[in-house]
Structure formats: structure tokens, C-alpha cells
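Straight from TrEMBL, the features:
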- A:1-510: domain 'Cytochrome oxidase subunit I profile' (DOMAIN)
- A:12-34: transmembrane segment (TRANSMEM)
- A:54-79: transmembrane segment (TRANSMEM)
- A:91-112: transmembrane segment (TRANSMEM)
- A:144-167: transmembrane segment (TRANSMEM)
- A:179-205: transmembrane segment (TRANSMEM)
- A:262-286: transmembrane segment (TRANSMEM)
- A:334-354: transmembrane segment (TRANSMEM)
- A:366-392: transmembrane segment (TRANSMEM)
- A:404-426: transmembrane segment (TRANSMEM)
- A:446-471: transmembrane segment (TRANSMEM)
- A:543-560: transmembrane segment (TRANSMEM)
- A:572-593: transmembrane segment (TRANSMEM)
Amino acid sequence: MDWITTVDHKKIAILYLWAGGLFFGIGGIEALLIRWQLIKPMNDFVDAQTFNELITMHGTTMIFLGVMPIIFALMNAVIPLQIGARDVAFPFLNALGFWTFLFGGLLLNLSWMMGGAPDAGWTSYTPLSGTAYSGTHGVDFYTIGLQIAGLGTLIGGINFLATIITMRAPGMSFMRMPMFAWTTFITSAIILFAFPAITVGLVLLTFDRILGANFFVPGGGGSPVLWQHIFWIFGHPEVYILILPAFGIISEVIPTFARKRLFGYSSMVFATILIAFLGFMVWAHHMFTTGLSPVANALFAVSTMLIAVPTGIKIFNWLFTLWGGSVRFATPNLFASGFIPTFTMGGVTGVMLASAPADFQFHDTYFVVAHFHYVIVGGLVMGLFAGLHYWWPKMFGRMLSETLGKWTFWTFIIGFHLTFFVQHFLGLMGMQRRVFTYLPNQHFDTLNLVSTIGAGLMGAGMLVFLANVWITSRKPPDAGGDPWEDGRTLEWSIPSPSPEYNFKQTPLVRGLDAFWKEKTAGNKGMTPAEPIGSIHMPSATPLPFVMAVGIFIAGLGFMFSRDDFSSALVSFLFNNYVVTGLGLLITFGAMLVRSLYDDHGWHIEPEELEGR
Amino acid sequence: MMRTWQSARRLLPLIAVFGMFLAGCGREDLSVLKPQGPAAESSLGLMKLAISIMIVVLLIVFSIAAYVMIRFRRKPGQNEIPDQTHGSFKLEVLWTVIPLILVIVLAVPTVRTVFALGDNHSGDKNAIKVKVTGHQYWWEFEYPDYGIKTAQDLIIPAGKDIAFELTTNDVLHSFWVPSLSGKIDTNPTGATNRFSFSAPKEGVYRGKCAELCGPSHGFMEFKVKAVSNDEFNQWIEAQKEPAVLPADPVLAETFKEQCLKCHAVGDQGMSVGPSLTGIGSRESVAGILLNDDTRQDGAPVEENLKTWLHDTQGVKPGNLMPDPKQDMGLSDDEIDRIAEYLAGYKLN
């Protein structure tokens, strides 16, 4: 019950982590099934329809429900601590964001049990995703599930923007902010601009499918290419929503374990902003083969290549942070160090893809599959592993096992390269992506086998990580406030796990790497910016949970509003939007309660603070 | 600009080495790395340039990474605090400018090739015009200048430019012959795409659909057959000849009533499904059952036709053809005899 009503950012972080971990596991199992199907030519382990559902759900789940919540978990766990705040700007909204994400994700995954998952690819290109060619409710689960989950993401993004703008501790100017706080800030800004685009697209697609509109239906005057533009205007920035937080994590981990401040801090900030800006300018590079004009292709090719410049700045700055440092290879730093070459490999194939005439060959082949897995798995997932191992003691008060951590790293990274490196060649040799099987004698067989073996190894790495989490959870919470001993930022200046009010006294920030600065000045902790006083806390409330349940019911009701059920009563309820109305009533009712009932929260008094 | 060309020239030996390395990969009639025509060659040229630049970048990053990770490893007992360097303006400018130069080196030929490949050949008198229409899960090829339609096997004269006009009849598909040219999507009418390629050498090239189009997306294959000019003209003439129907009048009647409601042979029938004219001399049945009994993955055309007609959903899940036995009420014997007739329906 405590977990359902909590509005504490640290608990919400843990909720995000478990929920994200659950969906990540589902997406991973889907990936292993895909790889098993492709282990040999003309395999019949799953049928063609199931395979298309698997690839669609794997992509959708991993992007929206797997890695993004884990990113949000780390942001929630760390950002208020890093900027010296007692919580996020809107704790109630924070909880609402989590619950809408969770119920959106559950709705999407219900599709497996309710007559068929979405099957038109995670990009859901029309007309294939229209009712004429995708007759099950699969794509409805996709459109409505993602709208609900996306609502949560948007709420979370806005919350972090407000938090970072308004709640930094005294002395923490923007240019003294840790890089992870910076990338969270920029990521939230991208979310603010990109998510409305996909939401609009999903609403229009829902109208096409459920209300019989024609936005994307060629026969009715709609345009499938319009969907591609809307999707990728969101879809390309989404890539940066994913990778920028990883950049931030790496920029935290490397200085800590090299005992050196980040090399070229201001150019890192500048590069982050530039990447975000360019990220919005390049969406049509996903559409080089759509038949846009050569002028459009040329412009988007060149603007895409430009992203290599700020990204290169970051890579070299990380390398030169290590240069001259005293580098300790604890598990977080192993992942961060593995990240640099691996991500660079994903980056360079990105530049290759940007060359439009070469992309005519690369597009929709395994070369692309290899590229984006190098970026998303080799970049983001490695970054998340680095971050999880790094901040685990801060979140749970326990250190993950270093031995198991190293096992996780080596099995994962070897399995990863085995899986995806060979896919570059598969693509160039003529294997298109999203094929449920392939004919023999095309020179595809051996490389596919290698790829599947690699996937198995990655799966084993994940199991080692889970074992690590399980074993660690049974140990007593004994991690110190600064367990890596070289912590540089504010979160390491308070106990692990942090008390629910974070900082007994708001700290005074006197420079970049505030805690490191105090430590080198011979101080044991931060210099406080205020006397000890009564701390205001928000009240726990079940309302966010209730609101999300309401939206979930409304979504289900709307989706089945055109169906005939065997029971006349059920048909009546759905076909007259009674279920939809009931769901919305629950949500708006909860909103009304929230508006009318004034909850001033509660206070932790100084005596209590001293008593601990 | 001087600098640009110098660095480009320095990369030439690398390009040659990787060119040779990459040429070892895949089938000649399928691999992007073994181009058989000018369009695929220009794509590969850019790929080689890009991959050379990128390998240089990777080598630099990998060596610096390896160096710092080994050289600056914390030794046991080492506990001093390293120098807290801020950064270096000069170095940061250096790694801003160098990538920028590399990007320009790649961007200039990219833009040039984009426009070269974007040339519209549809007004070219010497080009052969072909209208490509994608269907779930087969390809229709129409030659408007000759008034003929065929399916699955695209016959072209070697060495001539082929000016394509591409659309789809249902969902999006993407037309791709890796060894001859990059791919282009087929959009619904109204957003017709045009592009062109040529195949200088006679031979059969494997084509694929590259855009997810439903369950049998992976099976939506086709062949491009480049033949001599004479052979091409002969084929055109043979295509125009009146239909050859089964010799047995009863079977001919069944065939007309059942099959020609969707399919066409010669001057008869409908063109909802793929044209069957001369299907006996095609490279494959349904795009994936290869009619080559000299190889282990092929079978004689008659056997392939029987396999197909007895189990259309098993061969190509989700395809729109009704089942000859279940839906059309044909007997096993009738199906076999139709397969036999079709196998014997050869052009030339």
C-alpha cells in the first residue's frame, strides 16, 4: 500500500526500476525468441504472424517500456540529490507519471492475451497498420497503450524541467550542474517537444482505426508518407531521449573512477545542446528510400552527418578525462569504459547510413539493425548498467557484488558484439530486416547462427545481473554515504540510502563537483546554506494510481467500442461507451477530489531530525 | 578545399584494401558488396569511402582508449590525487575541426551521388520503361511501350537503362535488387516513385521486398533476368502471342472458370493475380520455389507448381490466393494436371 500511495521520488525511482525491469525482461525474451527463429534458414519455430508480433512488441516494449523507465528510474533516484533538492517540483505528478506509464505498458502487453499483439512493426507504417491489413486489435493496443504510457513520459519530462530550473541548491548555477543533471534537463526538453508529435500521430491513427477516419488511408485521400513524417519527427529525437542520459551517466562515472574532473565540461554542455537541436532536424534520414526529392535527401544527409561533430567532442572529452587520471576499474567504470569503443562503433555506422545513396543499400537491412543496436544496447544499455551499478548503493544502501558485476560485464559485452557485429555483414550480403525466415544457400546461415549464440550469451549476462541483485538484496544495508570513496557530486554527501527529506540542511554549492570541492578543502560534509528547520513534506496519496486506473479502463472501453460480444449486456456497455465513460469518470473524479480537498502535507520537525 | 582532397587521397590505399576485403562477402547475384551495375557501384563507392574514414576514426579512438586504460590504471597502493585539468581549448577545437573536415569529405560526394542517382530517365527514348506494382506478396511488371504485363521475373535487355515507375496496390513495399541498385519504396498511386538502373552483364539477379508488408514479407522475392537484346525482343513477341490453354477441353474449361477469374494467360483472363503467361519458363514459382533442379535448393518447375497449388498458405502464409482444393473445389487430379499444363507453358 505504501508503494501505491508514495510520492517520494526515491521510491518512485524504485517503482520505475522494477516496472522497467519487468518490461525489459519481456522485451528480452521476445528478442531471444526472434533470434531462435532465425538460427537456421526456413525455421518454423514460430509462424510468420507471430514473428511479426514478436518484432513489433520487442521494439515497442524495449523503447517505450524497457529502457525509458529505467532511465526515469535513475533520473528520479539521482536528480533531486544531485542538484540539492528535497524532491522533484511536483511529487504528485511524479507519481501520476509513473502510474500512467505502468498502466499504458500493461495495456500494451495485454494484447498477447487478448487476441493478438500489434504486428505492423514498432514504426507501425500505414496502410499495413490500418484495419484493412491488420484486422486484430493489436495495433489498437499499440496506439492506445502508447498514448497512455506517453502521457506518463511527458508528465515526467515536464516535472524534471521544472525541478532543474527552479530547485537547484544555492550556488548551483547551470554551469555548475553535474553532467547527468544537464543531460536530464536536455532530455526532458526533447520529450517536451517530441512526445506531443507522436501523441498527435497516435490519436489520428486511433481515429483511422476505431472511428473510420482517413488520415493515413490512401483510398480515402490520406497519406502513408504523412504518418512516416509524424512518426520520425518524434522517432528521431527519441533516439536522443535515450542516448543523452547515457552520455550523462558516463560523464559521472568516468570522472569518479578516474579521480579527475570531467575534461572540457563546457564543451560537453554545448555538445549536448547541439545534439538535441540537430536531433530535431534530421528525421527524414529514416525516409531516404521513400522517394523524397534529391534536394531533401541531400539536405537531410548533410545535417545528419553533422551530428558526428558534437558526438565526437564527447568521445574525446571522455578519453581525455581518463588521460592522466588514476583509473580504477570497478564494475560501473568497466561498463563506462566498454561503452566508449562500443558506442563509437555505433556512431560511425550512423555516419555511414547518413550518406543517402549508400543508405539506399543499407536501409531496412540487417546493417541498420546492427547500427541501432550498437547505439541502443552498446550505448544506452551499457550506460544504464554503469549507472545502476554506480548508484545502486545510493538507491538501496547495498553494494552490488563486484565479482558478479565483472561476470555480467564480460558475458554481456562479448555476447553483444557476437550478436550484432556480424549483422553488419548480413545486411550487406542482402538480408533484409523483419523477415521471419530466409531461404538457404544465400550465405546467411553461419552468421545468423553466430548471432543467435551471441544473443544467448547476452541473456546469460542478464541472468548474472539478476542473481547479483537477488544476492545483494539479502545482505544488510551497510553502504556508506560515499561508497566509491571518490564521489564528486552532491548525492554522495548524504547517507545511503538517503533519508526521505534528502538533505537535513540544503547545501551551499561552491563550484563544479561540489562535494569533491568540500572534500579537497578538508571538510567532511557540505557547508549548509540554511539553519536546521522544519521540513515540509508532501502527503502520500492513492489518487495518481486511481487516475491511471481510470484512463486504463477508458482506453480498453474505447478500443472495444465497435466489437460484438456474446453477451448482450457486455455489448451494450462497450458499444455505448459506458465503459469508456466510467473510466473517464474515475479519472476526472479523482482530479476533482484532488482539486477540492486541500492537502497541505506535513512537516518533519528539527527535534525529529536531530533524533535520528 | 585543398586539405579535403589531400585527406581523401591519403585514404585511397585503405579504400583499396577494404574493397578487396569486402568483396569476399556474399553471392554475386545478391550481395551489395559485389555490384553488377553502375547504380550499385556508385553506392558501394560511397560505402568504401565512408568505411575507410570510419575505420581511421575507430583506430584513433581505440588506440587512445587502449592507451589511457592501460597507462593510467590505478596501481595497488597508488593513492595520490591526479591533476584536476579543466580541459584544453586547443584540443577541444582540434576534435571539433577534424570531424568537421571528415564530414565534408564524405558530404561532397554524397550530395553529388544523390543528384546523379536522382536523374529521371522516364523521358529517355532509349530507356525501357517498366511499371512496377507491389502486391501482397508478389511483383507485377508492366511494359507500357509494349503493352505486356508479367510477374515475378523482370526480363530486361542487358546494358540498357531501365526507367522504373513504382506504385503499390495495397501496403507499402520496397523494391530492391542489391547487386544492381539500392532500394526504393512503392507508395500508393499519387505518390509514384521513379528511378532507374541498368545491368551491363547478362544474368539472373535476386530481388527482395525490403519494407515490412505482412506475414510473407520475407518471401516476397523476385528475379531480374538480364538478357541480350535479341532475346528480349523475342520474349516480348512471345508474350504478345495468344493464350495457350490446356489441350484437354474439359480441363481448359475448368482452368478458364477457376483460374482466369484472377490470373491472365496471353490475351485471356484477369490481372488481379500474377500473370501466368509462360510461367513454365520462369526462374521460380511464387518467388521462392526455385525452378532449378540442378541445385540442391531447387526442384523441377512442375513439382514446384504442385507444391504451391496443394498448399498455398503453407508456402506463403497470408497470401490472397484461394485454396484450389478447399475454396475452388478442384480435385487433386485436376490440380496436378493444371500444374502439368502450366509447367509446359513456356515462352520461346
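Quick reminder: no glycine exception, Cβ is built from N, Cα and C everywhere.
Remote same-chain residues near the transmembrane segment (A:572-593) are listed as 543, 546-547, 549-558, 560-563, 565 (criterion: CB distance under 8 Å, separation of at least six residues from the stretch ends). The average pLDDT computed for the domain 'Cytochrome oxidase subunit I profile' (A:1-510) is 96. Taking residue pairs at least 6 apart in sequence, the transmembrane segment (A:54-79) and the transmembrane segment (A:179-205) share three or more C-beta contacts under 8 angstroms. Same-chain neighbours of the transmembrane segment (A:144-167): 60, 64-65, 68, 72, 75, 79-80, 83, 85, 88-90, 93-94, 96-105, 107-109, 111, 177, 181, 184-185, 187-189, 191-192, 195-196, 198-199, 202-203, 206, 548, 551-552, 555, 558-559, counting only residues six or more beyond its ends whose CB sits under 8 Å from a CB of the stretch. Pairs of Cβ atoms less than 8 Å apart link the transmembrane segment (A:404-426) most often to A:366-392, out of A:54-79, A:262-286, A:334-354, A:366-392, A:543-560. Within the same chain, residues 3, 6, 45-46, 51, 54-55, 57-58, 61-62, 65-70, 72-77, 94-95, 98, 101-102, 105, 109, 395-396, 455-456, 459, 462 sit at least 6 positions outside the transmembrane segment (A:12-34) and bring their C-beta atoms closer than 8 Å to a C-beta of that stretch. With a threshold of 8 Å between CB atoms, the same-chain residues lying at least 6 positions outside the transmembrane segment (A:543-560) that come near it are 4-5, 7, 92-93, 95-96, 98-100, 102-104, 106-107, 137, 140-141, 144-145, 147-148, 151, 206, 210, 573-574, 577-591, 593-594.
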